[in-house]
Ligand code: PMP
């Protein structure tokens with residue numbers, strides 16, 4: 001059986017090189033005589049894996065020293081609760097920009113904790129654009145402003161040059177689950193960045209959190225220990241058994257990325273891949289991208305033919321051609337190609353070739 005081009009939005013394709021290394025090291029990691037899956041999280045071997053993985057992530061993301069990096073469990077969705085529980089503690093108030101389902105879910109969890117408010121939204125046009133942000137929209141005395149940087153379902157993104165500008169005393173909190181490590185963002189502009197691993201960084205089961213150190217320790221002591229950033233920071237992500245194997249695979253992905261030239265090199269490749277696909281969509285007589293050009297994601301590219309039956313036929317035939325998981329999210333229909341870091345240029349070329357043939361036939 002040959003490997004397919006997997007356009008899944010998540011969990012998603014991993015670099016073949018990473019899978020091969022994991023395969024080689026599956027039974028015996030180094031000189032330990034055991035698999036990383038079988039190792040104590042308190043062992044010297046795992047301590048090295050965790051320390052190296054953290055150091056490589058710090059280097060790749062250019063994380064300043066006044067930030068802590070945590071590898072936690074519970075996926076992106078647990079962050080929706082941890083963020084308000086840990087940060088909405090001074091004024092008990094936070095503002096949210098709603099650019100899709102994931103931002104909405106984050107807001108819905110925040111409402112359970114305190115006074116959360118949606119101050120800008122693109123829901124009126126099915127989240128096909130990024131709403132204009134003006135600092136005057138923010139309320140006074142908020143504990144943070146929350147954004148979802150890349151909107152996996154709708155294929156929009158806040159570009160690095162289009163992030164909301166916030167006053168120094170308002171931390172910008174960001175969900176980067178679906179575009180982490182895909183292009184350069186300046187970490188110092190954020191109070192907290194989190195990313196579930198299973199799209200651009202590794203397998204499901206781990207979420208990486210970058211948090212400015214002055215934001216630790218703000219939670220009430222009676223919140224559950226597992227939801228307290230300070231406790232995880234004090235124990236260097238080993239308060240309880242961490243998702244050891246997922247962390248190890250993230251480490252292999254970071255090594256792969258470093259060898260490639262890091263995030264700037266990846267960004268150049270991603271921009272070329274995305275431009276190819278968007279150019280094709282812009283010039284196609286059959287297919288149409290659904291997002292306004294200035295908000296287009298480099299990672300998730302939704303498109304339609306305008307005919308639901310033809311869309312379904314496209315998904316079916318593309319699958320037969322070895323192009324997997326092109327069906328759009330159930331809430332929007334149509335198609336979506338997720339072209340994360342691990343999708344090679346050849347995969348994008350194969351998709352465009354197939355689209356050309358489909359267009360000729362229809
Ligand atoms: N945020 C974004 C941007 C996502 O795409 C997703 C998952 N698709 C989530 C959060 C939720 O992540 P999880 O399933 O790990 O809870």
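For all residues, glycine too, the Cβ spot is worked out from N, Cα and C.
Values in this document were obtained by computation on a predicted structure and should not be read as measured data.
Take the pyridoxal 5'-phosphate site that TrEMBL assigns to 76, 77, 102, 152, 198, 240, 241: the candidate from 48, 124, 175 listed for it is 175. Counting only the Cα atoms, the space from residue 241 (pyridoxal 5'-phosphate binding site) to residue 42 (L-glutamate binding site) is about 9 angstrom. Annotation note: residue 241 (pyridoxal 5'-phosphate binding site) sits in a coil segment as assigned by DSSP. The binding-site residues near ligand 1, defined by a Cβ under 6 Å from one of its atoms, are 76, 77, 102, 152, 175, chosen from 76, 77, 102, 152, 175, 240. When the alpha carbons of residue 240 (pyridoxal 5'-phosphate binding site) and residue 42 (L-glutamate binding site) are compared, the span between them is 10 angstrom. Here the Cα atom of residue 199 (N6-(pyridoxal phosphate)lysine) is found 14 Å from that of residue 77 (pyridoxal 5'-phosphate binding site).
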